[in-house]
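Q: Quick one: structure below, then a few questions.
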């Protein structure tokens, strides 16, 4: 390349058009800290706009990161009035789905109802599907263009703190999968309806279900268009400087590219920067040597990506104040000679 991209997320933070930012990677690499830091910086840099951070990871950590309890409904972050958080609960969504299915009719022998109950209880990846349907609600109500109706919520950007790689890839594959599945289901609906009636299924319940499926299909098509538009959606990969994490990051990037999703930023967490320690321990020096080896490989492999290097901290990053201090290194490269005091002097929560 003729130029080197800035090793920061400053361009992403300042971009005006982004509506959806996904943050993902291998388990234990600091996804929640990174997604929370991105959300905090967005809120700080754009105080006049509203932002929403959503956790789609069944093992929710947003409440721990902000030292504040969040649930399935968006709640304002204390200390940042223009940032809200929520944690999607697949079990609660499953319960709501089953209750909605029961509303169609109360006949326990209805084969359609029995089929729906079996499906919701046994489909592989149902957690991701239910999480996706919850996300659909917010995307449907998100104002994307100025011509959108005024009753839509005008979040400037929604940030997703995703589950570990495998769950996330299944989650992101759902728009395409559902689009194909619903299309085939619609083709069968003309034949399926009379067949269900012959088996004793309620006609009104079937009509309601097919109407609901048509609505879902339209929403899924809209999401597919937005998720593959680089002006509206991007994915930030998070990793640590080790072989397994690097390998999984490359696998994820290849998958994301196959989904036609934009990805041009990688955050590398937990770096020691031992070269600048006055009295480094032998273990730290050895580990930093290993980290530098994989950093060099990343620099060569991802020369056309924003490669952001984040330091290992002396304590956990919890609470808004600590997130503000840590997140500044997403937009300004960390300098161990100048910034070491910032990362070793975090407030205990």
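Cβ atoms here come from the backbone N, Cα and C positions, even for glycine.
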Q: Since Swiss-Prot lists 26, 27, 28, 29, 30, 31, 32, 33, 269 for ATP, which candidate among 6, 242, 300 does it give for that site as well?
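A: Candidate in the recorded ATP site: 242.
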Q: Quick one, of the recorded positions 57, 242, which Cβ has the fewest other Cβ within 10 Å?
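A: Counting other Cβ atoms within 10 Å of each of the recorded positions 57, 242, the minimum falls on 242.
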Q: Between 28, 30, which of the binding-site residues has its C-beta surrounded by the fewest other C-beta atoms within 10 Å?
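A: Among the binding-site residues 28, 30, the sparsest Cβ neighbourhood within 10 Å belongs to 28.
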Q: Between C-alpha atoms, which of these recorded positions comes nearest to residue 28 (ATP binding site): 57, 281, 284?
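A: Nearest by Cα distance to residue 28 (ATP binding site): 57.
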Q: For a quick check of packing: other C-beta atoms within 10 Å of the C-beta of residue 281 (Zn(2+) binding site), how many?
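A: The Cβ of residue 281 (Zn(2+) binding site) has 11 Cβ neighbours within 10 Å.
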Q: Select the closest residue to residue 242 (ATP binding site) from the following recorded positions, measuring between CA atoms: 57, 281, 284.
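A: Nearest in space to residue 242 (ATP binding site), counting only the recorded positions, is 284.
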Q: At the level of the C-alpha atoms, what whole-angstrom distance separates residue 57 (active site) and residue 26 (ATP binding site)?
A: 12
